[in-house]
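Now, the feature entries from Swiss-Prot:
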- 208-499: region 'Catalytic' (REGION)
- CYS300, HIS351, HIS476: Zn(2+) binding site (BINDING)
Amino acid sequence: MEKEVIAYLDNETIIDSQSVKNTNLKEIYFDNSKESLEVIRHSCAHLMAQAIKSLYPEAKFFVGPVIEDGFYYDFRVESKIGEEDLVKIEKKMKELAEAKIEISKYEITKSEALAKFQNDDLKQEVLLRIPDRAVSIYKQGEFEDLCRGPHVPNTKFLRFFKLTRVAGAYLGGDEKREMLTRIYGTAFADKESLKEYLTIIEEAKKRDHRKLGTELKLFTFDDEIGGGLPIWLSNGARLRSKLEHMLYKIHRLRGYEPVRGPELLKADAWKISGHYANYKENMYFTQIDEQEYGIKPMNCVGHIKIYQSDVRSYRDLPLKFFEYGVVHRHEKSGVLHGLFRVREFTQDDAHIFCMPSQIKEQVLEILAFVDNLMKLFDFSYEMEISTKPEKAIGDDEIWEIATKALKEALDEQGLKYGIDEGGGAFYGPKIDIKITDALKRKWQCGTIQVDFNLPSRFKLEYTDSDNEKKQPVMLHRAILGSFERFIGILTEHCAGEFPFFIAPTAVGIVPIGEAHIAYAKEIQKELLELNIDSEVYEKNESLSKKIRIAEKQKLPMILVLGDDEVAKRSVALRDRRAKEQKNLSLDEFIKLVKEKMSEVHF
């Protein structure tokens, strides 16, 4: 069957099929392409709003955008809407889709729109955010709403959708304002794609790091402590410590010097850096001796001061500083989400001070670091370069050198990458590292950011080979992004089945009876000498219960010890990752775990 056209593409702008006069534009067909899904999902948000309005006539609507994997709509109703109401709303949506209602667009002036929606305070809110120009309105049957579009031409295209959850959302994201109802949903062009997506969603629920974090006793949150402030339990702290120690060694082998900056800096430093003017609302401030101080949201200023603590020559460059820097950022309570979005987190942060001619060499080193680390955890990844925006500092030549260095480094490594033209920060181009997990979800983690701005603001300099003062380039670099976020992603990626070398408890030791506990503790001590954590299950419980408890903790290996094992100094091994059981001498087992630990190569 021939595909139907639902919209057109004008450069990067998607236009409704009913608005197009120039038929030379690229056609967008009804399929699962990125552009098509944007149109389908945008339209489906309106279909949902129309259904809600039909079921709850008093409903008033705020905004309903497309997001990465679907859409949502924020609205106000007198009734409390819960998960159980989604089925009823979906049923009404299907009726409207099957009615094949035409969708049309018309434009009015902003003043006309203000008059039209004078009795709708949420629409007034939306209009206040729109510039003084023509306002577009989309109409389908009795329902119409402000929207810039684009939309499909008829509701018949909106058949494969699912409403996924209900949440609360502050009006305009401002937690001081009223809480609206938000319903999330998704839509596709065919039934199979929707089914596949819903299967992934169900699997994601099982892997939710907040759920697993509780079950595996990794971390917790407490209202008396505050939102977005994770508390690491012993299992989580062990996992995190293993990751930190592993990365520390790798950093040293790659020529990075450990440093540490203060967590509290005078506001004057943040004024020089530009954070005070441009990032203040995301920072926490306090007064000490009648002077304002800011808790650091980033580690760069501390590292700059370390650079400035000595006279620098071109022979010293590149200088590579790294720190597990604890930072604090003011996040609105509505966006906090487990370990993914917190107010306190630790970055695996590094700053490299180098000459422009050294940028490519340094980026190559970072890319090799990224590749080794992602392979270790079985992540695939992709890169994206963001180039010079319209408003930028630094001369064109430096920008060209830096951008070329990033591209050449990626090309030399044979890495595919996208380009976000004009998407760079005003102070330099960057590479974003996006990893793909076991559920094919993409996560923004690491960044390689070239910075001409801070070296200029703080007047950094080095003496070149001609004995002249020059300004170094600064590279901001984080590979994990933050330990919190990465551990959250890793937990979901491996469903809590952590690799042996990083598992908080790598071995569960199950003595059958009291007579076998001493041997179990001997093995535990020997493992600890190898930096391998284990747990002895010595409670007076049945063997099957002890094994079941160990399995629920998703331990990589379980040892069962009885009379035979004690007498022969052996172990009955259950390797949960290899899915095998076997008997080994204690020496053979120790050799095996040493091999497991040596699998970490950099």
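The backbone N, Cα and C atoms fix where each Cβ goes, and this holds for glycine too.
Note that the coordinates shown come from a computational prediction; the quantities given were computed from them, not determined experimentally.
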According to DSSP, does CYS300 (Zn(2+) binding site) fall in a helix, a strand, or coil?
helix
What number of additional C-beta atoms lies within 10 angstroms of the C-beta atom of CYS300 (Zn(2+) binding site)?
22
Across all the protein chains here, work out how many other Cβ atoms are within 10 Å of the Cβ of HIS476 (Zn(2+) binding site).
23
Cβ within 8 Å of the Zn(2+) site's Cβ centroid: which residues qualify beyond CYS300, HIS351, HIS476?
MET298, ASN299, HIS303, ILE304, ASP349, ALA350, GLN449, ASP451, LEU454, MET474, LEU475, ARG477
What three-state class does DSSP give HIS476 (Zn(2+) binding site)?
strand
If one looks at the chain holding HIS351 (Zn(2+) binding site), which residues at least 6 apart in sequence have a CB under 8 angstroms from its CB?
ASN299, CYS300, HIS303, ILE304, LYS320, PHE321, PHE322, MET474, LEU475, HIS476, ARG477
